[in-house]
Amino acid sequence: MKNIISASMLASDLTNIEKEIHRTENAQVEWLHIDVMDGVFVDNITYGNNVVAAMRKVSDIYFDTHLMVTDPTNLIPLFALAGSNMLTIHLESKGNTTANLKYIKKSGMNAGLAIKPATDWKEVIPYLPLCDMVLVMTVEPGYGGQGFIPQCADKVAMLRKYCNENGFDKMNIQVDGGINTATAATVKDAGANVLVAGTYLFRAVDMKAAADAIR
Ligand code: DX5
Ligand code: ZN
């Protein structure tokens, strides 16, 4: 399985989003990770579907959209229209997860399901047939620049083993939070193949070299 890097724009210079998107493309980073926070599911508020639609006008990069919101259902068609490629919802959000994952697929996007550090990895099992990706959070959602929680790598390993043994060997397993050269090695060993990195990539002097180093 090819490893994919997804640059979390939360750590980018938000006064110049277009320049930062192009910097990401020039670094040959595969995906752009867009953290949508509603101020209720997590403490922060970030950006929404209108900002994503504006970004879509200046780039064709794969938009990996991470919804940290209380109730995602009504937002699904809005992000499809805005140009999101992947839409990841949280298992801990309100609403019917099965129906929401089906709605994401029906809207023409890839479907992701995220779990917070305290959520048991086994809770995603019933939803695997509806998922293109499972996101195992490696920090508490809400802020960039936090330290990686080592126990979360064990969840990745158990999930990858389960997927391999149960016909989900193509499943993308994403990690998000505290990824750098040291923690990237740990999560890849555990079986993650999509690595989100914010602070590490956007603070790097040479983003391409930094992305290559963790890929
Ligand atoms: C946290 C976000 C992450 C965050 C990662 O709630 O989901 O995507 O931006 O940032 P770093 O890589 O700086 O930990
Ligand atoms: Zn994220």
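Just so you know, glycine gets a Cβ as well, placed from its N, Cα and C.
Sequence-distant neighbours of Asp176 (substrate binding site): residues of the same chain at least 6 apart with a C-beta under 8 Å from its C-beta are Ser8, His33, His66, Ala114, Leu135, Val136, Met137, Thr138, Val139, Val196. According to TrEMBL, the feature substrate binding site maps to Ser8, His66, Gly142, Tyr143, Gly144, Gly145, Asp176, Gly177, Gly178, Gly198, Thr199.
Here TrEMBL flags His33, Asp35, His66, Asp176 as divalent metal cation binding site. Residue density at His66 (divalent metal cation binding site): 27 other Cβ atoms are found within 10 A of its Cβ, drawing on all protein chains shown. Look at His66 (divalent metal cation binding site): DSSP puts it in a strand.
Positions annotated as active site, proton acceptor by TrEMBL: Asp35. Residue environment of Asp35 (divalent metal cation binding site) contains 24 other Cβ atoms, counted within 10 Å of its Cβ in all protein chains. DSSP assigns Asp35 (divalent metal cation binding site) to a strand in the three-state reduction.
Reduced to three states, the DSSP call for Asp176 (substrate binding site) is strand. Feature annotation from TrEMBL assigns active site, proton donor to Asp176.
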Cβ-based neighbourhood (8 Å from the centroid) of the divalent metal cation site, residues His33, Asp35, His66, Asp176 excluded: Ser6, Ser8, Leu10, Ile34, Asp64, Thr65, Thr88, Leu135, Val196, Gly198
For Gly144 (substrate binding site), the three-state class that DSSP assigns: coil
Those binding-site residues in Asp35, His66, Gly142, Gly144, Asp176, Gly178 whose CB falls under 6 A of ligand 2, listed in sequence order: Asp35, His66, Asp176
Residues Ser8, His66, Gly142, Tyr143, Gly144, Gly145, Asp176, Gly177, Gly178, Gly198, Thr199 [recorded substrate binders]: greatest CA to CA distance in Å: 17
Binding-site residues listed as Ser8, Thr199, least Cβ neighbours within 10 Å: Thr199
Neighbourhood of Gly144 (substrate binding site), C-beta criterion under 8 angstroms, separation at least six: Ser8, Leu10, Ala11, Asp35, Gly198, Thr199
